[in-house]
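Novice: Feature list, courtesy of Swiss-Prot:
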| type | residues | note |
| --- | --- | --- |
| DISULFID | Cys28-Cys87 | disulfide bond |
| DISULFID | Cys42-Cys134 | disulfide bond |
| BINDING | Tyr43, Gly45, Gly47, Asp64 | Ca(2+) binding site |
| DISULFID | Cys44-Cys60 | disulfide bond |
| DISULFID | Cys59-Cys115 | disulfide bond |
| ACT_SITE | His63 | active site |
| DISULFID | Cys66-Cys108 | disulfide bond |
| DISULFID | Cys76-Cys101 | disulfide bond |
| DISULFID | Cys94-Cys106 | disulfide bond |
| ACT_SITE | Asp109 | active site |
Amino acid sequence: AVCVSLLGAANIPPQPLNLLQFKNMIQCAGSRLWVAYVKYGCYCGPGGTGTPLDQLDRCCQTHDHCYDNAKKFGNCIPYFKSYEYTCNKPDLTCTDAKGSCARNVCDCDRAAAICFAAAPYNLANFGINKETHCQ
């Protein structure tokens, strides 16, 4: 089940449902807030180039590649594809049909959330200048 608080929602721009689901998966698998990953390293957040800075940054690079692979299956747009999953902290289970776009995207997000939870967090890699550190 997905629970989303609408308190303060007037100040939050609308986001694709998938990104909300991914945020909730991150919270289910680990203890860090999703915002800790938005500007981390070379690959966490929008885009990504260069060599990943550490294990956590590699999790984000792998997630990017997973989404790229999901896009190869028909009309699958990962950022906008909602999916079904269950959270039994810290376990995540994707429940859509295997091979479907929704399942592929869910599997990408699940793997990333688990990877994030297992990876050490280096505060020095948050908010770096990607132009100078990610060549």
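Each Cβ is built from the backbone N, Cα and C atoms, and glycine gets one as well.
Any idea what these are sitting next to in the structure?
Specialist: Cys28 (disulfide bond) is surrounded by 19 other CB atoms, counting those within 10 A of its CB over all protein chains shown.
Secondary structure at Cys42 (disulfide bond), taken from DSSP and collapsed to helix, strand or coil, is coil. Note: Cys42 (disulfide bond) has non-local neighbours Gly48, Thr49, Gly50, Thr51, Pro52, Leu53, Asp57, Gln61, Ile128, Lys130, His133, Cys134, i.e. same-chain residues 6+ apart with C-beta under 8 A of its own C-beta.
A simple way to gauge crowding: the CB of Gly45 (Ca(2+) binding site) has 14 other CB atoms within 10 angstroms, across all the protein chains here.
Secondary structure at Cys60 (disulfide bond), as computed by DSSP, is helix. A C-beta separation below 8 Å, combined with a sequence spacing of at least six in one chain, links Cys60 (disulfide bond) to Tyr37, Tyr40, Gly41, Tyr43, Cys44, Gly45, Gly48, Pro52, Ala112.
Remark: Cys59 (disulfide bond) has Cys44, Ala112, Cys115, Phe116, Ala119 as non-local neighbours, by Cβ distance under 8 Å and separation of at least 6 in sequence.
Within the same chain, residues at least six positions away from His63 (active site) with a Cβ under 8 Å of its Cβ are Tyr43, Cys108, Asp109, Ala111, Ala112, Cys115.
Within 10 Å of the Cβ of Cys76 (disulfide bond) there are 17 other Cβ atoms, across all protein chains.
All chains included, 27 other C-beta atoms sit within 10 angstroms of the C-beta of Cys106 (disulfide bond).
Summarising the environment of Asp109 (active site), the number of other Cβ atoms within 10 Å of its Cβ, over all protein chains shown, is 27.
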Novice: Compute the centroid of the Cβ atoms of Tyr43, Gly45, Gly47, Asp64, then list the same-chain residues not in that set whose Cβ lies within 8 Å of it, in sequence order, for the Ca(2+) site.
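Specialist: Apart from Tyr43, Gly45, Gly47, Asp64, the close residues are Cys42, Cys44, Pro46, Gly48, Cys60, Gln61.
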Novice: Going by C-alpha positions, which of the disulfide-bonded residues (Cys28, Cys87, Cys101, Cys106) is nearest Asp64 (Ca(2+) binding site)?
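Specialist: So, spelling it out, the nearest of the disulfide-bonded residues is Cys106.
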